[in-house]
Every structure is written in structure tokens, then in C-alpha cells.
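Q: Here it is, the structure, as C-alpha cells.
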Amino acid sequence: MTLKSVSEIHHQHANVKYGKPYFAVLLAAFSSLGGWFFGYDQGVTGGIVVMNSFKNDFCVGIYGNASVCDLPVASLPSDYRRYLVLFTFLYNVGCFVGALFISSFIAERYGRRAIILTSAILFTIGTSMVIFPPGGSKKIMIFILIGRIIEGTGVGCSSFSCPLYASEIAPTNLRGMLSGFMQLTVVTGLFAANVVNYLLQNHKWGWRLSNGIILIAPIVIMIGICLCPETPRWLFKKKGRKAAENSLQRIRKTRDVTNELDAISDAIREEGNQVSTKELFTPKILERLAVGIGIHVFQQTTGINPIFTFGGIIYENVLGKGIISLLILSGANLLFTIPALFLFDRLGRRNLLIIGGLGMVVGHLVAATVFATGCKVVKTISNDTIVTEEVVTCKESSGIAMLVFTVIFVAFFALSWGPIAWIYVAEIYPLNVRAKAVAIATGSNWLIGMIMSYILELINPLGIHGVFYLFSGLTLLAVVFVYLFCPETRGVLLEDIEEVFDNFQLKNRPPIKVLRRL
């Protein structure tokens, strides 16, 4: 069977007029501030763990002396290394809970604005619990870890709500760019965090100040979200056509919104009024849910979060410049996200995921090979079995080359998997299950993030190069997944994406055809 082209699918919805887009752009930009604290928190963690102020609060005098707390990662006291893992792991637990359990409930019952507000409140509470208590006590450290869970819950809610809100208010021709605003604020926050880390690395309150600065963003969101309109699609479903019409006219800055309202109405009527949870288990939605989960799982297994969370420790060992290395990596992330905003709706989501994924494979593969051939790991062994110290020595050229190819990995990620995972998943589900489906897909991202927190423990048995080889192989699997299961959604009205998936069949992929013939 021949696949229908995207242009053939627009049928009766082809005449939708979107008025003036500037207000939708402003709304998407404002809602994406949630991505700022999402990215900032991710970026700040990678740098603060190598700061003396952090070690003095959580390692020195608790797990060892200053010289012990400065050892390479594999030689750090096991309890302190476990605390570093928990500092990231429990944050991801919170992200998982927020994205999967809290987000869909609030977004469905109280609206898309309500979940954006909730994310800001939770993040403010959690961050306050992390930065204000004193250090030097294991009991206080437990309290701080609880704060990390709450902080993560807020981030999980924002990772769900920001792309969902943007996708539901955006004109079709700008949906990729506006949904991608969140990724721009994520990488801007990540870069800003590394700049702040660099400036405050020697301050006696360095890690606390670096963490605390981000509280500006959720406070602005709490004040401003009340001035933003609710999404027309949620209003149509919950409060009727008139409420949706008023919101749509305000967003589009035109009175002529009849065609778009008709498209929303058609979609809701076709979807029916079944309970969302029940609808998730229909074959069509299950198939699409698997696609959304796959996209988010593979985004995590590319290794992007460990690169930024533990990259400071890794490059401190390799180059002796952990914070500067993170600053370079986050700068590349920001730089290449900007052109990505204009490529989503030109080159398409699918093409960018495949091309970007292949570039990421090369980046990881070469970085791993450079470490394997240009660096040495010397282990000091006592009692014939116990490794008491591990020293990594690299040629300067090898360390720089490894960093360069990690920058290449990050650049391709920023152009593709970074933003598109959030954009694609926010637009592929019918309205009646969208909130719950997006929540499940987003939750899977954070579930894998929890697992990836333990990458630090794999450095000892696999070596740094082994971990990078692992990421390379998993990224190649991600490319294959997109090629086989992910159709293009560029330029398609949200209400027409159903038909795109109906006409994208696995059996029509050329490699599958060859296998079937054989």
C-alpha cells in the first residue's frame, strides 16, 4: 500500500486561519520558563559536586578528609559516592512522580495553566529545602535529599506542562518552533548554571548560591501564569465551544476562528467521550504510546543527562578542568538549539532525529576511542584485591580531543533529540487521552533518568571509555527505532495526526520489505 503524503491529509481542515501569531509566541515563550529551572537545575548539579563548598558540607568530616574527598570518582569513599548518586537519583524519582502521577490529574481536571503553576510551587519548596539547611550532618543530608525529591517533582510537572501548553495554543505552521521554546529555555538555563558555577566555584557558599539563583524563574511563573489564557482545546472539551472561542480569539488576535474551532470540534466528536484511561488501552493508542515512550527512553539512553550531571567529575579527571568543560558543553548545547528552532518545521521531526542521532553516535564513538588509546588508568591495590586509589592520566591532546567529540555529540543532540522528544510526544495523541498519554511518555523519560543516575557506578567496572561506547550503541538503536516506527508530523494539524499514523505502517519500511521477501 502506498503511503499518503502529508499534503493529502489536510482534507477539510486545510482552510484554518491563524490570525496574528505574536501573542501565541509570547505565551509559548512565557510558559517555557518552566524549562529554565528544568535546565538550570540539571546544569548546576554537574558543577556543584566538584566545588569545595559542596565537598565541605557533604564529604569532609563526614566520609573522609579533604584529600580523600578530592580523589578521582572511582576512589571516592563509597558512602559519599552513593550520596552523589542519591542526590541525582532521588531528583529523578521526583521528576518521575511529577510527570506521571501529578501532571495528568491536574492538567485534565483543572487545566493546563494549573499544572504550570503547580510545577513552579513545588520547585520553589524543594529548592528551598535543599539550599537553606546547614551541612555537616547526615540527618540534614537526609532532609536535603527529601528536598531533591520535591524539587524534582516540580521539574517533572514542568517537563509535562510546558510543551503541552505550547502545542495546544500554537498555529500548525509554528507548532514545532513554539513547542521547542521549552528546549531553548532548558539549554539557556543549563548554560547559565555553568556560568554561575564558574563564577562562584571558589565562594564559601558557592553551591548554595548557584542553586538559589534559579528561584527567580518559578516566582515569575507564579505571578504571570494567571494572566495567560487557558488552551482552547482543553476549554472546548471541559467548558464548551463558547469558552474555547473566547480563548482562541484572544490568542489568535482575530474574530475569525470558526474553522479552527470546527477542527477541534470534529476531533472531540470523533474521539468520543470515553474515559481516558480506558482509551489508552485501545490498539491504536497503545501503539502510539509505545512510540512516545520509546522516544523518551532513547532520549535518556543517549547519555545526555550523565554527560551534564557527572561530566564535571569525568572531565576533572581527564583534563583537570571539570567546570570549564561543562561550560563549553552547555555553550554548545545552547548555540545549536537556536538553529534547531527553525529546522523543526522545515526539515521535519523524523529527518532531524535520524540525522542528529547518527552524528551523536559518531561523537560518542570517537570520544570513547580517544580515551581508550590516549589515557591511562593506574590503580593502587592493597591486600591483593581492594582498589584503594585510581588515577586517570591523559595526554593533553587526548583530553582536548575527547572534549571536542563530546561537544559534537551535544551539538547534534541539541539539533535533534533534545527538543524533538518533547515536541513530538506532545503532538501525537488525540485530545481525549493527550494529558495522560503525554504524562506516561514523559514519566518514562524520568524513570530511565533514575536508572541513568547509576552510570557513576559503572565507571569503575567499564571505564570511562566503556560507558561512552555503551551510549554510542544505545544511540544507534534510537536511530533504528525512529526509522521503523516514527512518521513525520511536520505541518499536520493536531486533529489530523491520527491519519498520519494510520498510513505509516512498519511493513512498508524498505528493510522490512526485504526481510519479508527473504
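Backbone N, Cα and C define each Cβ position, glycine as well.
Pulled these features from TrEMBL for this protein:
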TRANSMEM  21-39  transmembrane segment
DOMAIN    27-490  domain 'Major facilitator superfamily (MFS) profile'
TRANSMEM  83-102  transmembrane segment
TRANSMEM  114-134  transmembrane segment
TRANSMEM  178-200  transmembrane segment
TRANSMEM  212-232  transmembrane segment
TRANSMEM  323-344  transmembrane segment
TRANSMEM  351-372  transmembrane segment
TRANSMEM  400-425  transmembrane segment
TRANSMEM  437-456  transmembrane segment
TRANSMEM  462-486  transmembrane segment
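Looking at the shown structure, can you explain where the listed features end up?
A: Note on the transmembrane segment (21-39): residues 116, 119-120, 123, 154-155, 158-159, 161-162, 165-166, 169-171, 174, 178-179, 181-190, 193, 214, 217-218, 220-221, 224-225, 228-229, 250-253 of its chain, located 6 or more positions outside it, place their CB under 8 angstroms from a CB of the stretch.
Same-chain neighbours of the transmembrane segment (114-134): 31, 34, 37, 41, 57, 94, 98, 102-103, 106-107, 140, 143-144, 146-158, 160-162, 165, 208, 211-212, 214-215, 217-219, 221-222, 225-226, counting only residues six or more beyond its ends whose CB sits under 8 Å from a CB of the stretch.
Tertiary neighbourhood of the transmembrane segment (323-344): same-chain residues 43, 46-47, 50, 176-177, 179-181, 183-184, 187-188, 190-191, 193-195, 197-198, 201, 307-308, 311-312, 315-316, 352, 403, 406-407, 410-416, 418-420, 423, 490, selected by CB-CB distance under 8 Å and a gap of 6+ residues from either end.
Taking Cβ pairs closer than 8 Å, the transmembrane segment (351-372) reaches residues 302-303, 318, 340, 343-344, 394, 398, 401-402, 405-413, 415-417, 420, 424, 463-469, 471-472, 475-476, 478-479, 482-483, 486, 488 in its own chain, all 6 or more past its ends.
Only residues 6 or more beyond the boundaries of the transmembrane segment (462-486), in the same chain, are considered here, and those with a CB under 8 A from a CB of the stretch are 290-291, 294-295, 298-299, 301-303, 306, 314, 317-318, 349-350, 353-354, 357-358, 360-361, 364-365, 367-369, 371-372, 375, 377, 392, 417, 424, 455, 506, 509, 512.
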Q: Out of 178-200, 212-232, 400-425, 437-456, what stretch is closest in contact terms to the transmembrane segment (83-102), meaning most Cβ pairs under 8 angstroms?
A: 437-456
Q: Report, as numbers and ranges, which residues of the same chain sit near the transmembrane segment (212-232): CB under 8 Å and 6 or more residues beyond its ends.
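A: 27, 30-31, 33-34, 36-37, 40-41, 44, 111-113, 116-117, 119-121, 123-124, 127-128, 131, 154, 165, 168-169, 189, 193, 196, 244-245, 247-248, 250-251, 260-261, 264.
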